[in-house]
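S.K.: This is the structure I have questions about; it appears just below.
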Amino acid sequence: MSGTGALMTVHVGQCGNQLAQAFWKSMVDEHGINERGQTTHEDDMNDKKDLLFYQADDDHYVPRAVLVDLEPRVINGMMQSPNFSNLFNTDNIFMSDHGGGAGNNWASGYCQGQEVQEKIMDIIIREAENTNNLDGILFTHSVSGGTGSGTGSLLLERLREAFPKKVIQTYSVFANSDTSTDVVVHPYNWVLSMQRLIENPDHVVVLDNAALHRLAAGKFKTDTPTFDHINSLVARIMSTSTAPYRFNSAMCPSIRYLDLAPFPPMHFIQSAISPVVDPNENFTRKTSVADVTRFLLKPTSMMVSTASRVRPNDCMLSAYMFLQGQIEAHTIMTAEQNVDFAIRRPPFYMLKPLRMMHAPLSPYVRPQYKVSGLLLNNSTSVAPLFESLLSKYDKLRSKRAFIDKFEKIDNFSLDMMDDAMHIVQDLLDEYKAVVQKDYLTRGL
């Protein structure tokens, strides 16, 4: 695995493209690029702009991004904004001709996607072929609505087929079943999306909307967090998780080195960030490696609501903690030793599941704090979220509630829904089994 290749991003649906706005705003700031794709600073030798950007013939930088939606509002808004109107390659944008969206219906999004999939895949493959060495694809979407879940599911199938050896990492926004949502059929959309998330990506970063709102409300001191608040948190997760590749880390120079899924298909990743700061307020805390590490490892810090319900058998399967800022190497080693005893791993697993490392900061952006961190955590503690959503699905399905919304879609069969439910249940069984001593020998 020598050398470092490039990454491209695919953003699908309203939520996926709203995340694109926040993520790419962070990327241009962190790489010293203005809204016209021009550099604003002298290049730093550790700044690998070409990981996520390419240079056009006039040398301005262009995001290696593909934007997809079945209705035009969000993408049109981006392209009319001063931050993005001259940044993206308009040939990499797909919007449906009819512009009617998918009506928050997975079946509609999936079946409409079948009609336009070749056009979208032509864009993605062309962009990939313009890259000398593609390492992976970052994919943003929601699993609750119609386009992000349905069209997103279809594109994940096609991406895996087209790029069998590339890393596919999704940032998937979930609507927690314990909270209200304006999408009454979201448990159906979720279970159908989950099958494709189980079968296709290498990693799925689970972003629970309820947990994101709770964190934003507490840290930004508002009862009604905005999309900007929520999306800034997700952009921070995406930014920090890619920082080692973007700024020349020797410890983790490529997404191909990220070993987060030793037991596939258990590749669903929780995340936590610290500190969370309102950019409009003065930051008065003193940060340290020990303080940030302690916060990141608290179950209540995870971006998954049910993570606060600690279960005695839950195990960490694999995790990475990226620490940024003014840090001496020995403090990371000390912190790693101090937390190792508190981490529960599967009884058959001898390796340390947590790897802690220093991740470089952008040379062009000065943070408000001296030390910050991100935890990417593959733990069995994510299973209660899936159990909760599957229970909600079972209740709706047993009553055939809102099933007519799916039955009226051409080329959709309810067998697809039932098959997906069984695949999700198999995943939950796997989470229960992996904490047992005989996990590796069962069935032999």
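Glycine is treated like the rest: Cβ placed from N, Cα and C.
Reproduced below are the annotations present in Swiss-Prot:
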| type | residues | note |
| --- | --- | --- |
| BINDING | Ser144, Gly145, Gly146, Thr147, Gly148, Ser149, Gly150 | GTP binding site |
S.K.: If you count Cβ atoms within 10 Å of the Cβ of Thr147 (GTP binding site), leaving out that atom itself, what do you get?
M.R.: 31
S.K.: Name, in the order they occur in the sequence, the residues of the same chain whose CB lies under 8 A from the CB of Ser149 (GTP binding site) and which sit 6 or more residues away.
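M.R.: In sequence order, Gly13, Trp106, Gly109, His141, Ser142, Val143, Asn189, Trp190, Leu192, Ser193 meet the Cβ cut-off.
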S.K.: I need the neighbours of the GTP site defined by Ser144, Gly145, Gly146, Thr147, Gly148, Ser149, Gly150. Which other residues of that chain put their C-beta within 8 angstroms of the C-beta centroid, in sequence order?
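M.R.: Once Ser144, Gly145, Gly146, Thr147, Gly148, Ser149, Gly150 are set aside, the remaining close residues are Gly13, Cys15, Ala102, Asn104, Asn105, Trp106, Gly109, His141, Ser142, Val143, Thr151, Gly152, Asn189, Ser193.
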S.K.: In sequence order, what residues of the same chain, 6+ apart, have a Cβ less than 8 Å from the Cβ of Gly146 (GTP binding site)?
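M.R.: The list for Gly146 (GTP binding site) reads Gly13, Leu70, Gly101, Ala102, Gly103, Asn104, Asn105, Trp106, Ser108, Gly109, Asn189, given in order along the sequence.
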S.K.: What is the total of other Cβ atoms whose distance to the Cβ of Gly148 (GTP binding site) is within 10 Å?
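M.R.: Other Cβ atoms within 10 Å of Gly148 (GTP binding site): 33.
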S.K.: Just to verify: the residue among Gly145, Gly150 with the fewest other Cβ atoms within 10 Å, which of the binding-site residues is it?
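M.R.: Among the binding-site residues Gly145, Gly150, the lowest count of other Cβ atoms within 10 Å belongs to Gly145.
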S.K.: Can you tell me how many other Cβ atoms are located within 10 Å of the Cβ belonging to Ser144 (GTP binding site)?
M.R.: 26
